[in-house]
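What Swiss-Prot says about this one:
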BINDING   C12, C96, C197  [4Fe-4S] cluster binding site
BINDING   H41, H74, H124, T167, S225, S226, N227, S269  (2E)-4-hydroxy-3-methylbut-2-enyl diphosphate binding site
BINDING   H41, H74, H124, S225, S226, N227, S269  dimethylallyl diphosphate binding site
BINDING   H41, H74, H124, S225, S226, N227, S269  isopentenyl diphosphate binding site
ACT_SITE  E126  active site, proton donor
Amino acid sequence: MNILLANPRGFCAGVDRAISIVERALELFSPPIYVRHEVVHNRYVVQNLKERGAVFVEELDQVPDDSIVIFSAHGVSQAVRAEAKRRGLKVFDATCPLVTKVHLQVARASRKGIECILIGHAGHPEVEGTMGQYDNSAGGVHLVESPEDVAKLVVKDPDNLCFVTQTTLSMDDTADVISSLQKKYPSIEGPRKDDICYATQNRQDAVRNVAEEVELFIVVGSKNSSNSNRLRELAQKKGTQAFLVDNADDVDATWFNGVERVAVTAGASAPEVLVKQVVDAIAKMAPSVVTEVEGQLEDTVFAVPAELR
């Protein structure tokens, strides 16, 4: 069997930074260290940090007074930041800098009273944090996921609008939504550069480049990982059977019946150790040749807060 490994895959700079922040906090301060929401959406990573003393909570009222709390890579609303400040909690912010960039765009729109439309998935923590940057009742913030949502959208002033996007969306689907917005609201303003992050784009391009060369695509990532789900969907749209797996235990031997070429990638929050385990599990089913497929090189690094260096 030929196993093609897509590149780039796995951890991005924002995930690396977020995990490093939790690890350094655990090293420098006594556990428990509280983390609001899963620092990244990966079961393996979260369990590893739990075993080292991290305590994951969904709300700040679960964090005792005088504690250290870390905000996840997905970001938080202004209300959460204000609550942490009011309670005097020591905060380390693991929000991805590319998410922070979107937050600043929304906050700027709020200050100017410009209605803001966010393209994203309802219920995702990044979306909740981004919408929570807007607090001007003179304008408003709206969430859309599809061209159908755009068709139903009602705004106060069609000539005073901007849009931003969640960073981990499908590039193709997002382009369709943006096109619908621009047709309905010709004067709408968007970001100077696409808000979908470089790592999301690169991993989707890697899947796009390989999908039609294989009969099966395995994406390593957790079920609640937005960017991992988009990789699986993209492979399927290319006509390739694709599955999302948390680890090697999820790999089903029946998927490989009659398959000669399989590709493997990993979402931006999945560590390489899980990819290796999946490849090893596939290789046990049949003699295999593993090939690294060339892709976009990534050298972006985001520094951790100075206090944790």
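Positions of Cβ are set from backbone N, Cα and C atoms, glycine also.
Feature map: Swiss-Prot annotations on the structure.
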| residue | record | Cβ within 10 Å |
| --- | --- | --- |
| C12 | [4Fe-4S] cluster binding site | 28 |
| H41 | (2E)-4-hydroxy-3-methylbut-2-enyl diphosphate binding site | 29 |
| C96 | [4Fe-4S] cluster binding site | 26 |
| E126 | active site, proton donor | 26 |
| T167 | (2E)-4-hydroxy-3-methylbut-2-enyl diphosphate binding site | 28 |
| C197 | [4Fe-4S] cluster binding site | 26 |
| S225 | (2E)-4-hydroxy-3-methylbut-2-enyl diphosphate binding site | 26 |
| S226 | (2E)-4-hydroxy-3-methylbut-2-enyl diphosphate binding site | 24 |
| N227 | (2E)-4-hydroxy-3-methylbut-2-enyl diphosphate binding site | 26 |
| S269 | (2E)-4-hydroxy-3-methylbut-2-enyl diphosphate binding site | 31 |
Least buried by Cβ count (within 10 Å) of the binding-site residues H74, H124: H124
Rounded distance in angstrom between the Cα atoms of T167 ((2E)-4-hydroxy-3-methylbut-2-enyl diphosphate binding site) and C197 ([4Fe-4S] cluster binding site): 5
By Cα-Cα distance, the member of recorded positions C12, C96, E126 nearest S226 ((2E)-4-hydroxy-3-methylbut-2-enyl diphosphate binding site): E126
Where C96 ([4Fe-4S] cluster binding site) sits in the secondary structure, as DSSP reduces it to three classes: coil
Cα-proximity to C12 ([4Fe-4S] cluster binding site), 10 Å cut-off, over recorded positions H41, H74, H124, E126, N227: none
Between N227 ((2E)-4-hydroxy-3-methylbut-2-enyl diphosphate binding site) and C197 ([4Fe-4S] cluster binding site), the C-alpha gap once rounded to whole angstrom: 10
Additional residues surrounding isopentenyl diphosphate, by Cβ distance to the H41, H74, H124, S225, S226, N227, S269 centre under 8 Å: V40, E126, T168, N224, S228, G267, A268
Listed recorded positions among C96, E126, C197 whose Cα sits within 10 Å of H74 ((2E)-4-hydroxy-3-methylbut-2-enyl diphosphate binding site): C96, E126
Check: same-chain CB within 8 A of [4Fe-4S] cluster site center, minus C12, C96, C197: A13, G14, V15, A73, P97, L98, V99, T167, T168, Y198, A199, T200, A268
Pairwise Cα distance maximum in Å, isopentenyl diphosphate-binding residues per record: H41, H74, H124, S225, S226, N227, S269: 15
C-alpha spacing of C96 ([4Fe-4S] cluster binding site) relative to the residue listed as 'active site, proton donor', in angstrom: 10
Between S225 ((2E)-4-hydroxy-3-methylbut-2-enyl diphosphate binding site) and C96 ([4Fe-4S] cluster binding site), the C-alpha gap once rounded to whole angstrom: 15
